[in-house]
Every structure is written in structure tokens, then in C-alpha cells.
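A short write-up of the structure that comes next.
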């Protein structure tokens, strides 16, 4: 056949170009070749593509949270919201999806400990004033007529009877309860899955690393985590102090989620994670490392006790086995990352990070004492 030229069907936007072969249009040529079965369907398909110069676009299928047995495992777990209909779009280059979370982890950890150092400075500075205010308040209470059955007085009495650690974690527990209630609002389900579950295949990567630390879908999951946090709160605050503990807890939540990201990308098992378990594992590991001879017991089996050191070894062994064998009921990578961070921090991190906060505190002291310097003046 000879190609005689081009026939334009129109010059307007959206108009198509067609090819004329031996004076016949593409439709006529295709109809003439249809009875001939020597070349079959392949030749017709070839002619149709040549006539229209069209190439079928490649469709990129979105990837769900997980497939096959992994997806079934997530649906069976009562700790994770029902996300089988949620569509995620994993990056074609998975390693690149870890760059932003890595920078966020490093930056957030530095900001958390820097803020904790400034918080401690302000607390020490106001402690003297609080002491005199307390003396004044006690004197006023002694001359003020007391009200019987005052609800506010009972609350203050309960609050003052708590340890420093228990008062510190009360705000954390309240935040977890609030987020748990938000999960019960049907209109917020998409928002909660987007921002309060961490998944390296999600479009939002950084903020869920922190927000998912306060997120629980199951009441039992939240109750168990908050009970462990309440139980270890007094010990960890006595070891680190209120300010350092808060920096450690928030940083541990982000770091454990980053380790979870790495594990999911390495294995290709994408799926949502949520809960405070990674941060609580950091607290538990720090206490068990500092007090290895302490006696612990399981809440449902109080008659069986064991040392804190042995408990930590068993937890690390179980989470390591869970990662290797691919158990999916818990996020074992996040648990293991949190535990290792807790061990590292009380062993080396406290010396490397917290004891080197003096330059930052001096800068803050200069700002608070002298105020911002005014430009334009002469010395």
C-alpha cells in the first residue's frame, strides 16, 4: 500500500487527524479487511492504532493498605480501624518516602529536647515565686471559712496526693481519651485515618508520626497502654524529671513510628499503625534498664513476679521474632524501635543530649534577662 497523504478533519481544539490510504478512510479500510482471516485481529488492531495514532495510556492501579494474607490480618485485628476500603498510593521509589520522615524525626527530637531545657529553666526560675505564693495561699486558707463538701477542694486534694509522675501523665491520658472519642464520630473517620494513623504509603507522612502516638481505636488497647504508662510514670519521672520525660516520650513516639516506616518499606507490608505502644516501650525499657532488679507482675497474674531486666529481654525477643516471622497483630518494629531507643537514651543519650543543653539555656537566659537588642544605637 502507498501512503498518499493526510486529511485534516478540523482545525479546532479537540479535532482529530486521520490517515487516507489509497483514497479510502480508516473506517472503510478496516471494514474491507475484516473478512480476511489470514492476518486475524492483530492486523486490524495495528491498522486502528495507525489510523488514529492513539496509544492506550498505562493505568496506575492504586495500592490498598495491604493485600492477600496481610490485608486479612489487618482486618482481623481489633486494634486497627476498618481500613480495607482505604486506598493508599505507595511511592514507586519506596526509599525516597523515608527522606521526609527522617528529617522530621531528627528535627522534632531536637526541638523537643530544646523546648524541655527551656521549660526546665522557666520552672526553676518561677519556683521561688511559687513558694511564696504557696505560703500566702496557706495563710489565706487558714483564715478563710472552709466549705463542707466543696467539689473543687476535693479535686485539689486528689491532685495534690498524686506523685509528680502521675500528674505529668494525666495530660497524656486525657489527650488519648479525647482522640479515642473522636474515632467514634462517623463523619471524622477519613480525617482520623489520614492524620491519626501512620503509614509510609499514605500521602501525609510526618504529622501522623506524632498524632498516632495519641490515637487508639480499641478501648482495650488504650486502657492497657494507659495503665502501663500510669504504672511506670512515677519511676521514670523520678529518674529523668518532668521536662526530660516529656521530651523523651514525644520523641519516642516519632522515632518508633520512623522505625515502623523503615520496617514496612523494607518488607513491602504497608498498613496503618496507631497507638502509644512505641513511646510506652521507651519508658518501660528506660526504667527496666535503670532498675533491672525491680520486681514486676502481670496485671491478670499478680502472683507471678519477675525482674525488670528479664521482662525487658523477653519483650525484645518477642518483638524481634515478630519482625522476622511477619506477625501482624502488633507493630513489632515500632515496639522494638521504642525499646532500643529507651535503652540507648538512659545509657548514652542522657549524657550526649541532656547534659549538653547548657549553651542553649545560656542563650535563653540572655534573651530573658537583657531582652532583644535594639539596632541603630551607639556603644
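The backbone N, Cα and C atoms fix where each Cβ goes, and this holds for glycine too.
Just so you know, TrEMBL annotations are computer predictions that nobody has curated.
Record features (TrEMBL):
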- 102-121: transmembrane segment (TRANSMEM)
- 165-183: transmembrane segment (TRANSMEM)
- 204-224: transmembrane segment (TRANSMEM)
- 209-349: domain 'Peptidase S54 rhomboid' (DOMAIN)
- 244-262: transmembrane segment (TRANSMEM)
- 298-317: transmembrane segment (TRANSMEM)
- 329-347: transmembrane segment (TRANSMEM)
For the domain 'Peptidase S54 rhomboid' (209-349), residues assigned helix / strand / coil by DSSP: 104 helix, 12 strand, 25 coil
Any contact, the transmembrane segment (204-224) to the transmembrane segment (298-317), with at least 3 Cβ pairs under 8 A: no
Candidates 102-121, 165-183, 244-262, 329-347; stretch with most C-beta pairs under 8 Å toward the transmembrane segment (298-317): 329-347
Long-range neighbours of the transmembrane segment (165-183), counting only residues six or more past its ends (CB under 8 A): 81, 159, 189, 192, 196, 211, 214-217, 219, 222, 225-226, 229-230, 233-238, 242, 245-246, 249, 276
Beyond the flanks of the transmembrane segment (244-262) by 6 or more, those residues with Cβ under 8 Å of it: 97-98, 101-102, 104-105, 108-109, 112-113, 115-116, 119-120, 165, 168, 172, 198, 200, 205, 208-210, 212-213, 236-237, 273, 276-279, 281-283, 286, 331, 333-338, 341-342, 345, 350, 354
Cβ-Cβ under 8 Å with the transmembrane segment (102-121): same-chain residues at least 6 beyond its ends: 205-206, 209-210, 241, 243-244, 246-247, 250-251, 254-255, 258, 353-354, 357, 360-361, 364-365
